[in-house]
Amino acid sequence: MAKKLYIETHGCQMNEYDSSRMVDLLGEHQALEVTARAEDADVILLNTCSIRERAQDRVYSQLGRWRELKLANPEMVIAVGGCVASQEGAAIRDRAPYVDVVFGPQTLHRLPEMIDAARITRLPQVDVSFPEIEKFDHLPEPRVDGPSAYVSVMEGCSKYCTFCVVPYTRGEEVSRPFDDVLTEVTHLAEHGVREVTLLGQNVNGYRGTTHDGRVADLADLIRAVAVVDGIDRIRYTTSHPLEFSDSLIQAHADVPELVKHLHLPVQSGSDRILAAMKRNHTTLEYKSRLRKLRAAVPGISISSDFIVGFPGETEKDFDNTMKLIEDAGFDFSFSFIYSPRPGTPAADLKDDTPEALKKERLAALQHRLNQQGFEISRQMVGSIQRILVTDYSKKDPGELQGRTENNRIVNFRCDNPRLIGQFADVHIDDAQPHSLRGSLLQ
């Protein structure tokens with residue numbers, strides 16, 4: 001009987017991509033098949049996120065639930081990867097001594113040999129080093145699961161924002177070679193993928209070397225991906241405003257495969273807070289980039305990230321953030337209360353804002369963002385949207401669902417499953433808080 005792998009993923013799209021590659025790797029090297037039940041697994045793998053304190057606490061809560069499984073089956077291997085593993089290293093075993101393997105985002109390619117070593121020696125295996133992009137040289141061809149796929153184009157971040165743990169857990173920026181990325185995209189397209197999302201912690205900082213020694217930026221990469229046969233839609237995330245270049249804006253204008261949607265995190269609308277965060281740009285510079293982009297691509301949807309309650313945030317700072325949200329006309333966005341991360345400069349700043357006030361500000365900010373997002377959805381009613389059909393509706397098996405260019409889920413009645421993986425024109429009939437309803441055009 002085939003051995004089973006249970007994998008749980010916390011956090012960002014980079015982690016989702018890494019988890020999919022670990023499934024490919026362990027399937028090829030150890031013939032492990034994925035199971036939906038941890039109690040049936042021979043190997044349990046937890047891919048972790050450390051971006052906020054709550055995410056880190058969740059790791060140890062989950063490991064605690066698996067302790068009984070390990071006691072009942074000592075042959076089971078429990079492996080912890082991702083950013084918490086990178087940050088904590090062997091210290092994970094101080095709180096969870098039954099963990100067998102600890103590995104970082106840059107050492108996931110060593111996972112098969114680490115699992116084997118843990119089984120043979122009965123000793124813990126820990127490797128959270130940063131061998132740059134070596135892992136991509138050791139991964140099998142990606143398995144295809146649906147019409148959309150992530151492709152990692154670079155690793156790490158060198159911006160060192162004062163609140164962010166990423167440079168310490170994933171290392172500094174390293175770009176994959178240009179042709180390696182295109183090879184992966186071509187493989188995906190040959191196996192039915194129609195939409196790719198190019199990933200990086202600072203993806204618009206991509207600088208990949210081509211086969212002839214040139215250095216290509218993200219705009220060059222997007223143009224090359226767009227001509228891969230079968231790829232009809234391109235997204236990318238996550239961007240830093242500092243490197244949102246004119247060449248990238250021009251790519252948005254020139255490349256029809258590049259969606260009319262951009263996620264461009266700003267974090268705050270206060271120049272004082274942006275300086276404390278070491279974002280290295282002002283709100284005026286950010287808005288200038290948006291104006292230039294909207295002039296090049298009228299109607300483009302823009303979402304962002306916001307941190308509420310950063311140390312020292314005053315009522316005026318928060319009001320400036322709310323004003324930026326309104327001025328910029330942001331679509332649905334992500335927002336969180338600031339969470340100090342050990343080892344980051346901001347963790348040493350005095351934080352004297354009451355928690356209740358932080359929650360009040362977050363609620364007000366989210367309410368405003370949701371209002372604006374819903375208004376954009378309402379404006380889409382009556383329009384015809386080209387959507388990529390991805391699956392059956394989660395609530396009604398008689399319906400299919402897909403996504404618009406501006407990343408909205410559309411549910412529509414259809415009894416033709418062959419439409420999954422294809423593009424379809426759908427008339428938008430109704431806007432709901434988190435999705436749209438439509439009718440398939442024949």
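Placed from the backbone N, Cα and C atoms, the Cβ positions cover glycine too.
Here is what Swiss-Prot records for this protein:
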BINDING   Cys12, Cys49, Cys83  [4Fe-4S] cluster 1 binding site
BINDING   Cys157, Cys161, Cys164  [4Fe-4S] cluster 2 binding site
DOMAIN    3-120  domain 'MTTase N-terminal'
DOMAIN    143-375  domain 'Radical SAM core'
DOMAIN    378-442  domain 'TRAM'
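Where Swiss-Prot records a feature, it is marked here on the structure.
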residue: Cys12; record: [4Fe-4S] cluster 1 binding site; CB count, 10 Å: 18
residue: Cys49; record: [4Fe-4S] cluster 1 binding site; CB count, 10 Å: 21
residue: Cys83; record: [4Fe-4S] cluster 1 binding site; CB count, 10 Å: 29
residue: Cys157; record: [4Fe-4S] cluster 2 binding site; CB count, 10 Å: 24
residue: Cys161; record: [4Fe-4S] cluster 2 binding site; CB count, 10 Å: 21
residue: Cys164; record: [4Fe-4S] cluster 2 binding site; CB count, 10 Å: 21
Inset, instruction - Determine how many residues of the domain 'MTTase N-terminal' (3-120) DSSP places in helix, in strand and in coil. - result: 71 helix, 22 strand, 25 coil
Legend entry - Local confidence of the domain 'TRAM' (378-442) - pLDDT mean: 94
Inset, instruction - Work out, from DSSP, the number of helix, strand and coil residues along the domain 'TRAM' (378-442). - result: 6 helix, 35 strand, 24 coil
Legend entry - Pairwise Cα distance for Cys157 ([4Fe-4S] cluster 2 binding site)/Cys12 ([4Fe-4S] cluster 1 binding site) [Å, integer]: 14
